[in-house]
Amino acid sequence: MSSINITQALRELPKAELHLHIEGTLEPELALELAERNGVELPFRDLADLKAHYEFANLQSFLDLYYQLMAVLRTREDFTDLMLAYLKHAHEDGVRRAEIFFDPQVHMNNGLSYDLVLDGLLEGLRIGRERYGIEGGLIMCFLRDLPVESAEALIETAAPRASELLGVGLDSAEVGYPPELFKSVYARAAELGLHLVAHAGEEGPADYVLQALDVLHVERIDHGVNTADDPALVGRVADEGIALTVCPLSNRRLQVVQDVRELPIRAFMDAGVKVTVNSDDPAYFGGYIAANYEALAEAGIALPMLADIAANSLNATFASAQEKTAMLAALDDWRGKYLD
Ligand SMILES: [Zn+2]
């Protein structure tokens, strides 16, 4: 198949996005538009100057810009617009279902109410479901580099509307903030009937993955690439069917690896680990989800394995059995078109 056809095939591939921070979809153009609309002053001369700040040395330098730009999000409508801009990309990239992270602590620190943020994002999902046929939901993330008390307060703020969330997650700067710090917060989230996921093993060690499983009782591990450092843990993650939400372009941009080829995708797949591919913060890392699949194709992973990765993503969603069956049938059709 020609490279143009592979690009098209990977865009059409029915897939789920399981590791996507809605704030990380804020494109520089929209950031400037919202800054203007809301009268927020940003320390950038123009679009070119802002774009020049998108070269990061590591996770922290990315987070500094990411938090700075979030200040332009002020109204419910801003959050709806942000969600719809993402869902348009997701639709173009073959996403059937998106389970989307958001970071309320940042917005609440910026003076917004939890309800405003939640209402705006849910409205975007509702319109997106009608407009693009994408199902999905929200995963509320705790910022691990803020005090645990802040996460404890957030879960209580969220509790009355817990049924409007899919689950909770744990994100932001990883090293020095082990999962076990959030044991009580996760226990409370479980009590509220929420699904549990956490970032672990991106910059942090394999031991953080172990803690996320044993102490937080998560159902998926976000990133998890450093699981590869502990062969026994790789075996366990495979046996228990724990999906890893790997983000190739993010890992390359944040220099977790220098080259996508260094990611242990094939080794994980050969070991039976449920690898998925996702875009993390696509406005910042150079590509939405199909571009992440394409980066793996360029790194030598063949279409049949990429289709298996897409199947993993559909199976690892928190969708109903009926919805999963429908999505997997669409994937079978795709296999019939491109693999036979
Ligand atoms: Zn992430």
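Placement of Cβ uses the backbone N, Cα and C atoms for every residue, glycine included.
The domain 'Adenosine deaminase' annotation in TrEMBL covers 14-334.
Over all protein chains present, the Cβ of HIS21 (Zn(2+) binding site) has 25 other Cβ atoms lying within 10 Å. Taken from TrEMBL, the feature Zn(2+) binding site covers HIS19, HIS21, HIS199, ASP280.
The active site, proton donor annotation in TrEMBL covers GLU202. Under the DSSP three-state reduction, GLU202 (active site, proton donor) is assigned to coil, being neither helix nor strand.
Sequence annotations record features per position, and here TrEMBL assigns site 'Important for catalytic activity' to HIS223. All protein chains considered, the CB of HIS223 (site 'Important for catalytic activity') has 27 other CB atoms within 10 Å. DSSP assigns HIS223 (site 'Important for catalytic activity') to a strand in the three-state reduction.
Once Cβ contacts within 10 Å are tallied over all protein chains shown, the recorded positions GLU202, ASP280 are led by ASP280. The binding-site residues considered are HIS19, HIS199; of these, HIS199 has the fewest other C-beta atoms within 10 angstroms of its C-beta.
Note: the Zn(2+) site is recorded as HIS19, HIS21, HIS199, ASP280; in the same chain, LEU20, GLY24, PHE101, ASP171, ASP222, HIS223, THR245, CYS247, SER250, ASN278, ASP281 also have Cβ atoms within 8 Å of that site's Cβ centroid. Taken in sequence order, the recorded positions GLU202, HIS223, ASP280 that lie near ligand 1, meaning a CB under 6 Å from one of its atoms, are ASP280.
HIS223 (site 'Important for catalytic activity') and ASP280 (Zn(2+) binding site) are 9 Å apart (CA-CA, integer value).
Ranking the recorded positions HIS19, HIS21, HIS223 by Cα distance from GLU202 (active site, proton donor) puts HIS223 first. Comparing HIS19 (Zn(2+) binding site) with HIS223 (site 'Important for catalytic activity'), their Cα atoms are 8 Å apart once rounded.
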